[in-house]
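So that you can see what the record holds, here are the features copied from TrEMBL:
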type	residues	note
BINDING	Gly10, Pro11, Asp12, Gly13, Ala14, Gly15, Lys16, Ser17	ATP binding site
DOMAIN	8-199	domain 'Thymidylate kinase-like'
Amino acid sequence: MRGYFVSFEGPDGAGKSTVLKEVLNQIGSELKTQYLVTREPGGSKIAEKIRDIILDPANDKMDNKTEALLYAASRSQHVEEIIRPALKEGKVVFSDRYVDSSLAYQGAGRDLGIQEVKQINDFATDKLDPDLTFFLDLDPEVGLKRIEKLRPGQQDRLEQENLAFHKKVYAGFLKVKETYPERFVTVDATQPIDQVVAQVIATLKQRMPELF
């Protein structure tokens, strides 16, 4: 069986990590092949060190292009060290964020251009795209309030950006998912988590029945 690559995207506070964890709690034992859970930025030792640099609130003078290139560098290492080998072994890779986040955050949010950031990441990943992407759809203002409630005063450098930035990021996500409708599935993240999880599981079983 070939490997499958599934990514989870959405604005900050949409619940990607929580949903992914609960999905695998429910279906992990049903899968006919091994699976790997990873995240971005990060996912490997080197990539996690780059993550720390990117998200550290103390690095408030970071240039936007530097930020985009650091994400791409982290992703390149992550893909070559973790994701691609797992796919070659026939595993299912579930990633909390991937390239689409860079297109939204740096391409749209930082005004670097979605296409320009895509070119950087095509080089970094050798154009490795997910087979399926779940977009957890949530108003960015609601997401930021969720984060403040869950982690008061502990937001990372990007979470600390103002609402105008996060609205641009959200608009960027909408453009990206319109560009790749064949792999994007939108899930209403305002629903109770059990409903979000149920929709993700139903979609996985419909789109990738050979895994079950």
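Each residue's number is its place along the chain shown, starting with 1.
Each residue, glycine too, has its Cβ placed from N, Cα and C.
Here the structure is a predicted model, which means the values were calculated and not measured.
Features per TrEMBL, on structure.
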residue	record	contacts (Cβ under 8 Å, 6+ apart)
Gly10	ATP binding site	Lys16, Phe135, Leu136, Asp137, Leu138, Gly143, Phe173, Ala189
Pro11	ATP binding site	Leu138, Asp139, Pro140, Gly143, His166, Val169, Tyr170, Phe173
Asp12	ATP binding site	Pro140, Gly143, Leu144, Ile147, Leu158, Glu159, His166
Gly13	ATP binding site	Leu138, Pro140, Val142, Gly143, Leu144, Lys145, Arg146, Ile147
Ala14	ATP binding site	Leu136, Asp137, Leu138, Gly143, Ala189
Gly15	ATP binding site	Leu136, Leu138, Arg146, Ala189, Ile193, Val196
Ser17	ATP binding site	Arg39, Asp96
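The secondary structure of Ser17 (ATP binding site), as reduced to three states from DSSP, is helical.
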